[in-house]
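Enquirer: Supplied in structure tokens, the structure appears directly below.
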Amino acid sequence: MAPLRILISNDDGVFADGIRALAGAAAAAGHQVTVVCPDRERSATGHGLTLQTPIRAEKADSLFDAGISAWACSGTPADCMKLALFELMDEAPDLVLSGINHGPNLGTDVFCSGTVAAAMEGTLEGLPSMAISSACFQWRDFQGAAALAVEVATAALRDQWPENLLLNLNIPPCRPEVMGPLRWTRLSIRRYDEQFSPRKDPRGRTYYWLAGEVVEDLESGGDGPRDWPTDVAQIEANSPSLTPIQPELFWRGPLGGLPRLELNGQRVR
């Protein structure tokens, strides 16, 4: 495969080990790498955009391996992707990668993930895009995960990458030699015990820390072959999961199950 133009972002920020490992692995494979990522931690910001304040971007080449062009941006992960695609890059990338996230992005957590949102921004612009996450917040040996991510993305490009397909890759926290095989997976449904811890600031005003934890992971009731494991089950088996997702959120259940609505004497059709 000829060298690719690869755009990389994340939500953990420019100083995160995961993005440096991913950018380094892509550059070591001979690709032209551009990094545009937040200048600080932006986890769980979803697909939010900055509209009320200016966005600033500064060069950050010195934080990455030689030959990598890098920018640190004051905005969200989605801001970073938009700024890269429409202002900072001279040519559109062949591939968008987001990660490696310091922690999993499994199941319905993808809806609040800044990592997935950055990749989704690439998908919305018609670009092959993949989000990559290490399924442990404490794991910091990203070299194996980075190599696997580059291998998976380039293999997908060699075959076919349908429009509107976003690949969500989660990798278990272990060395490659003890890791199970990669499999296609379905999204699980994650339930949380949502807890807010109230505190007082020095002026006596109340503030809150969100401290919820996962209490159960449920089988998905949605689309996907039933012989595919869920992404959570695959990670629990110490194996990487690859989940195809898309930006289109239209209801896929039976239309007869929708509410019967009548407004001002007229039925909504």
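Cβ atoms here come from the backbone N, Cα and C positions, even for glycine.
Dumping what Swiss-Prot says about this protein:
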type	residues	note
BINDING	ASP11, ASP12, SER43, ASN101	divalent metal cation binding site
Enquirer: Within 8 Å of the Cβ centre of ASP11, ASP12, SER43, ASN101, which other residues of the chain have their Cβ, at the recorded divalent metal cation site?
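Expert: Near the divalent metal cation site, the remaining chain residues are ASN10, GLY13, ALA16, GLY18, GLU41, ARG42, ALA44, PRO77, GLY99, HIS102, GLY103, SER113, GLY114, THR115.
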Enquirer: If you count, for each of the binding-site residues SER43, ASN101, the other Cβ atoms lying within 10 Å of its Cβ, which residue has the minimum?
Expert: SER43
Enquirer: I'd like the number of other C-beta atoms within 10 A of the C-beta of ASP11 (divalent metal cation binding site), please.
Expert: 30
Enquirer: In which DSSP state, out of helix, strand and coil, do we find ASN101 (divalent metal cation binding site)?
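Expert: In the DSSP reduction, ASN101 (divalent metal cation binding site) maps to strand.
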Enquirer: DSSP three-state call for ASP11 (divalent metal cation binding site): helix, strand or coil?
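Expert: Its secondary structure by DSSP: coil.
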Enquirer: Around ASP12 (divalent metal cation binding site), how many other C-beta atoms are within 10 angstroms of its C-beta?
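Expert: For ASP12 (divalent metal cation binding site), the 10 Å Cβ neighbour count is 23.
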